[in-house]
Amino acid sequence: MKKIRINELARELEVKAHEILERLPELGVTEKKTHSSSIDEDVAIKLRQYYGQDVPDYVHDPNAVDEPATEAHEERHEHEEAHEPAAAPKAAVEPETPVAPAPEAAPAAKEERPAPEEPARPMAPIRPPLASGRPIHPPVGATPPPRPEGPRAAPAPPLPPPAPQVPHAPSPAASSPAMPARPEPPAHHPPSQTPPAAVFAPGRPAPPSAKPLPTTTPRPGQVLSGPRQPFPSSPAPGAPQRPQAIPRPPQQVRPESQRPSGPGAPSAPQRPLAGQPAARPVVPPRPDLVAKLSAPRAPVMPQQPAAPRPGVPKAPSAPVPGQPIYRGPIRPGQPMVAKPGVRPGMPPSRPGGPRPQHPTSRGRIEPGMGAPPPPAEPSRGRPGDRRPVRQQRERTEEEKILRPQRRHVEAGPPPISREITISEGITVKELSEKLDVKANLVMKKLMDRGIFVAINQTLDGKLATEVARDFGASTATVSYEVEAMQSVEEAQDTTDLERRAPVVTIMGHVDHGKTSLLDAIREANVAGREAGGITQHIGAYQVEMKGRKIVFIDTPGHEAFTRMRSRGAKVTDIVILVVAADDGVMPQTLEAIDHAKAAAVPIIVAINKIDKADAQPERIKQQLSDRGLLPEDWGGDVVMVPVSARTQQGLPDLLEMILLVADMQDLKANPSRPAMGTVIEAQLDRGRGPVATVLVRNGTLSVGDFFICGAVFGKVRAMLNDRGTQIRKAEPSTPVEVLGLDSLPEAGDDFQVVTDTAKAKQIVNFRDQRQKEAALAKSSRITLEQLHQQMREGEVKELPVIIKADVGGSAEVLKETLEKLSNDKVKVRVIHSGVGAINESDILLASASNAIVIGFNVRPERNAAATAEQEKVDVRLHTIIYNLTDEIKRAMSGLLAPVFKEVYRGKAEVRETFRISKVGAVAGCQVIDGSIPRDSECRVLRDNIVVHTGKIGSLRRFKDDVSEVKIGMECGITLANFADLKQGDIIEAFATERVATEVFA
């Protein structure tokens, strides 16, 4: 079957290709087509007729030439034969075109009336088409033509309903040999009514119609086709005749079987003309169908031509000399009737106006004959067409061009309508879940900011806040431990809460007896083991009193351990403020009060050392009341208990008050939940590795639990209590030493047992990355302002120091203490601080930076000591913080430039001058003030003007050399490198001494 591309057909019809694609489903083409796809010739014929173009006669019947008759065609012919009238004499009639069947729902189309029978005309010889001609359209709403009896020929291709046509008179050459025409279908409309329009459902093919056959007089030399059986016809009286068709060019067709003629038709076969294939064999008709189709029908009333409707193009008329054959469909804005002076089918002349629209420009698609008017908007098309359609896109682009340009104003973020809680290291997926949006929307917001992330990638807290703001949500940033604790607390049951032991922190000034008081309670001797008799570590202990446990935390009282005291106040339930009765309130006592008030915990004052003779407890109460702590016996709410750590006086009363205050607070915990606590202290043990002292505040800590502690992830390998006994479980308010950390945590970090190890490792990596970035930011390139500042501070000396301590808290305290010693003359710079013994890497670092190494309660390793001796590195070891700070101060003083001071000795007056050979000028002088030492320096004053400064060459009394001449004595003085001495000059003796620089004035 011949095919044609949609692009070529669109250019031929002068329409857009997408309009043809939208029309294909209505013609029964359900396949997916594109602009470059091909369609069958029969579909192309329907499209040509739909758009009002003449169908060339050289387009042959594809079903009759290239393909055998299909089963569907056979059924259609059987259906047509079932509606044919009874057999009648065949007669040659004028050629006609197929008619569009009336809708099945139209009642007028179903009424059938018998038509008068006419004698059949003899069959004319069949000729091939010789010339193209316009299709001749039947009246609107006409019924299908009846079919004669006999064998069926190849079916004609289905065509859509053509446009109406003006009837013409029959040609005078009708008597010449011509092609037999099909019988005229009987009119099937009620009288004085407009014929109903044929309505086709979208996506269904138009009803088939027969192909028109031209009946024109053959020209000389024209080759005619073979004989063809005529069809019985019952023309309606007064029906308009069809015009003659233009001869078509010859075309090779496949031989067809000849239909047997009906009654009255000539039975003798016609002789085939030259070039015509042999006729098909004749098949006798079925008697039952002949009898059925030969039944008489009711006559049909003559039909008047329908008046043209607005918006519907009228049927194409015959060509007129001097006018174009194709006049095209009526376009938008074109009048239905041509104006005077305007040629039909041509655009009107517009002098000075714009050019007419291009023929292929987008126009309105006109419906076919009998079809309802199309909707206002182009809603046609196959189901599943992509939207928006091309027309909508073009219309939108035109509107953008035509309407005035407006300044683009970016819409601000939506108003805040909710608040979410985000933790550090939140991922894109977790943020989308909290915002209740899809993750791809969050990723799109990040891509708009130029940030490309994966769905499981962590986000910075500031960036997550900005993204949440774009979705109309405010954020509250909390740590991972706090968020995990909140989720656990929300899920826990109040019935699981049990009473826990109180945590008591002992605070006070140094040497006020804090550790001694705790030793008396624990019946131990911890203070005796402390270096210098002072506490330099924070410790936690558990004491049992009357079947109940009390946890004590001992904090240092030295001024350098402020952060330790602050850390102890944050994890405590009760603060015991120890004040010596013989010393009174001291600066660290006031600091401890401030820490306790900041932590909002109750305070119990223990007035210690009441066994001494000079103890004044009442004076202590007065001083504390001036600071806002009013005793109970004075009408206040602060419990004050006089105690003595040495004689254990008042200790039972102190413990009783601790339990009473704890009962008032109603301290409870849930032992069945995952454990959480606080790191009190951390140290690096040589045999056990990193060890952390943890106070469990809630839950139960067991061996084998995974935990996160700041930027450290680990697993509990072993636990030891305060007495060094290994345990398997630690209940709430229990201090334990935990082994199994990957690295050393910071003192004060939160300790949290986790179940999601992957999430915990992700948080640890995030924190570690942040710490590295912070360290890198400190060592980044300096700015120009910083360079100028360093140039201005070029006179400031710097003392680099490396600190190694036994525990992390001590290293932290030492770093802060030494940095506070810096002033405008000498600056102490701590290059590195760590925990553990002094190793070889510390020595090499000190050698490279010309620093000194300070070890606090640690010793250097063997290879480190050898390296330090080889590299000449100064290593200082200390156990008491007092001695350490004093030595650093001396080192700072030694860095400054020496200061020399002039010390006056005495002066002598020149009374006479002598000149001796081999010696030079000698001045005879008398000492008038002080003394003149021989090794001192001197200056010569003449009229109170210094004329020379130098050293004394020789000092003699008479003929003897002397070391010193005192006041009132005479002597002879010679000066080195100076001989211009005169009578009356003053020789002043002085000495230069080096004076130590005062660093701390």
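The first residue you see is number 1, and the count goes up from there.
Cβ from N, Cα, C; glycine included.
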Feature region 'G4' in Swiss-Prot, mapped to one of the ranges 448-451, 608-611, 928-931: 608-611
Feature region 'G2' in Swiss-Prot, mapped to one of the ranges 533-537, 648-652, 698-702: 533-537
Listed range which Swiss-Prot flags as region 'G3', given the options 554-557, 770-773, 934-937, 958-961: 554-557
Annotated stretch (region 'G1', per Swiss-Prot) among the listed ranges 492-499, 508-515, 820-827: 508-515
All-chain count of other Cβ atoms within 10 Å of D511 (GTP binding site): 15
Secondary structure content, the region 'G1' (508-515) (per DSSP, counts of residues): 2 helix, 1 strand, 5 coil
Helix, strand and coil counts within the region 'G4' (608-611) (DSSP): 0 helix, 1 strand, 3 coil
Listed in sequence order, residues with CB under 8 A of I610 (GTP binding site) and six or more positions away: A581, P617, P642, V643, S644, Q649, G650
Cβ-Cβ neighbours of G508 (GTP binding site) (radius 10 Å): 28
